[in-house]
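Engineer: Below is the structure I would like to discuss, written out as structure tokens.
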Amino acid sequence: MRAFCFHGRLSIAYSLFNQMFKRDVALDVESYRILMQGLCRKSQVNKAVDLLEDMLNKGFVPDTLSYTTLLNCLCRKKKLKEAYKLLCKMKVKGCNPDIVHYNTVILGFCREGRAFDACKVLEDMQSNGCLPNLVSYRTLVAGLCNQGMYDEAKNYMKEMILKGLSPHFSIFHALIIGFCNVGKVNEACGMLEEMLSHGEAPHVDTWLQIVPRICEVDETVTMGNLFEEVLKVEIMPDTRIVEAAAGLAEYLIRRIHVECLSLHSAKYLKTRGK
């Protein structure tokens, strides 16, 4: 049956399954799971759900892998309401959801732009005694940033740090780019400083995003200080980072030139006024 399911020949697999049942061959959780995996592989999620119900009605307790298979398929098919219901139902049916089950549904919601619902899953997760891991927070922060919920994303990053988890580079990058995009340059700089304090070097794209934003708001001193800190942790500076620094230097020269012209003009007008 496993071989037929693997090769997509579900009709034959079903036939074998039914023959086992009719001939009183002992069916077990693995028998159901194999058929369920075959159905999910063919994206026949409704039949897979029906099979789970049949399994439960016959007194079987699905194992964690059975639920993982079905949750993955439901999320891929964007049946998130059904996935969440199944997640809530698991504990009642004798299988306590683990980190993989929760993370699967969190990812499903975030992919569909429903980060708020993903936050609810994280809360349920903790209430059920399952501690979120780095993947949980990374997925949620990315989902919140994709929806422009940067302050909420920052709060979850703080939460994970308090729990002893070290934020991944991608979390800092998403927040820095996000804050830059909405004009919150000070927040972006704060994230960059936080990133450096955790020993993470900004990616070239991170650096190239934040340089022009800081220059736009005239925070050149901040820019210079941050660049010095970056060089302390950047073992192999990328050419584009050096170019960004050169661009900053060019900007400063132009700014000084403009300031000198303005000062000269002011003095000239003052003299003419006399």
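Backbone N, Cα and C atoms are what each Cβ position is placed from, and that goes for glycine too.
Below are the features listed in TrEMBL for this protein:
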type: REPEAT; residues: 28-62; note: repeat 'PPR'
type: REPEAT; residues: 63-97; note: repeat 'PPR'
type: REPEAT; residues: 98-132; note: repeat 'PPR'
type: REPEAT; residues: 133-167; note: repeat 'PPR'
type: REPEAT; residues: 168-202; note: repeat 'PPR'
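For each feature listed, report its degree of burial, its nearest neighbours and the pertinent distances within the displayed model.
Structural biologist: Among residues of the same chain six or more beyond the repeat 'PPR' (63-97), those with a C-beta under 8 A of the stretch's C-beta atoms are 29, 32-33, 36-37, 40, 43, 45, 48-49, 52, 55-56, 104-105, 107-109, 111-112, 114, 117, 121, 124-125, 128, 130.
Note on the repeat 'PPR' (98-132): residues 64, 67-68, 71-72, 74-76, 78, 80, 83-84, 87-88, 90-91, 139-140, 142-144, 146-147, 149, 152, 156, 160, 163 of its chain, located 6 or more positions outside it, place their CB under 8 angstroms from a CB of the stretch.
Remote same-chain partners of the repeat 'PPR' (133-167), defined as residues 6 or more beyond its termini with a Cβ less than 8 Å from a stretch Cβ, comprise 99, 102-103, 106-107, 109-111, 113, 115, 118-119, 122, 125, 174-175, 177-179, 182, 184, 187, 191, 195, 198, 200.
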